[in-house]
């Protein structure tokens, strides 16, 4: 009898542990609905084995307990031969796996080699605390952390109690909770999901929150540009984590058909890239991009080969064959690789996502212009003063930025971001003009403020608005926000606005449980209220795709003071009004955020380049794809692209071959500013005067050459190929005017009488400008042998010889493309490769 009793006890324990393999969620649809929610160490079945979590109480009476599953493997460890390879599904394990402690972080440099300008403020201000989260590092780092609420949170209770807000009808099964996967930032080089505790967000919003570690730096994004190492392994890790969630989250009470990805900084860029990748199709439904897009200068690495060769040379793996170099790097210890100091150009990255033709099929902006959104709902926004770290180096004192420091910073900015030398002076002066407060131009504090706005507008605001506009053009739901609040912390400059990463403590509910080592702020009741507001918006969006529904804004549980967000309805962003929500202590819905400056970067700056192109080039041009990825397949080729917008919108013109330019925003008919009008007027006047000058010069040269030919040609002579006969070159000893002497020297240099004068002097066609906005100056050759055009002979001496080719490290050429080739090593055999 006692044996039978033991068997019955064991059977009951097994049933509490989650049922049989492949079964549903233990104890009912969610942990909070069964006995598991009451256990200290609940056990859940997954497709790969059983995992044991831990129940945690939160430091707030309105928040219920959360079950944490920490360090759940979502992929096979990328060790040995699996380094620089796409991830594989994890192997099954016997028994019960403990998931009660945080997993190791992925290998990264601990010596602060990454420039501070590329990291969030809370990270750089608390480096010692941040270092404690990445002390435990291992190449075996592909793990998830899950935070599962055990009971309905305050938001669900408020929704059910609201008489004017009926229960959400969009939720198919109220027992299944939405899932939110957070992608951490850190310039693709640093960070870990362990830094972000999702417990408060999960408990307050009644959602399952997941964080993850993915491969970083050289181990996550090294690329040779060919099949030896295609790169994007960190992105593939994120896709594998989404596959794991789709397959297993139902066992934890989650809804695999309501998965939202969200991230900040580089994590937000990953969110945008996953939207554009067909490998992630069907794995998530909504996306939140906080302070990051795929079209900023730091989002994509357009020089992967350069930095791979630099790294290989540093560790003794510089080989002529790319496969041999990668194999050598694969044998090196991970610590030796990540500790190498490979510095990128300022405002760029050394190791990050690349356009590989598969995971990232094409330049992200091209994909967005072609509607590669695949029907994702999107919430996107920026902080008020994202560029704080860019300005702190230039601020010499509390009095602000001096005039010389302002000029130097702008010049350095242009030199590092724009690759055509002839137009740099014009662009530099135009930027200074646009970002000078002419009413108070000698005020150092005002110069600091405008410099902060310059970096914020260029690196964050303009790319975010362009992304939202491209998204809305295809009738996809998109909501835009601007974040105008930050917590009070020691050491923070009084003049600083909400900087890069300042929204994160409010998204994760830190004010509700008090200051932490990473966010050592003096949180007030206003901070708690604002955090509740942000979590309500974010989790509403994860539930329905609408941040306003199903839960209304109500924070009376904090204090009796009215919540101003209760009367605010967050409107969708559209291409005409571009509505956005101002998130701060005084919320409001407005339109056309920083419209003048956004138009400057998206319209006037490309227009300045077009004027330069028309002035210095003729009809002889490079092939349209000579300096960028090959064109897409013909329109009739099969694909999964989203259909064009409905007929209710005016059709957008088809892009013409050649250098691209941003499309003008439809409906932007407003008067931008006096400064912008003056700039355009001055530019147009200079263009007109130059055209007149060149016309007169051409006429004068042609007239003199005609007279000279008549003087030098003997009557009735022939034999030179010149009309009228006679030699084209003058007789010995006869002096020529300067402009005729230059023509003579050009003809001699070009091979004498038989040479074509048009072959003597031809400058190159400038590169694609909109890509040059995001590439380092040496990404694209400024002179190419095949791009020759004729300049007037009186303009000056011949130009210098062309510089070396695009990538100075030539031993890694990509293999010749074939019509049927695809990447068999990636998780999916299908591909939209344009090569």
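Any Cβ shown, glycine's included, is placed from N, Cα and C.
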Of 577-622, 623-668, the range Swiss-Prot labels region 'Disordered': 623-668
678-698, 699-719, 720-740 - the range that Swiss-Prot marks as region 'Required for interaction with LHFPL4': 678-698
Selected residue, Swiss-Prot feature N-linked glycosylation site, from candidates 136, 823: 136
Count of other CB atoms lying within 10 Å of the CB belonging to residue 522 (N-linked glycosylation site): 10
Residue 522 (N-linked glycosylation site) versus residue 136 (N-linked glycosylation site) - Cα distance in angstrom: 29
Nearest-integer angstrom distance between the alpha carbons (Cα) of residue 98 (N-linked glycosylation site) and residue 522 (N-linked glycosylation site): 36
Residue 136 (N-linked glycosylation site): tally of other CB atoms within 10 A of its CB: 14
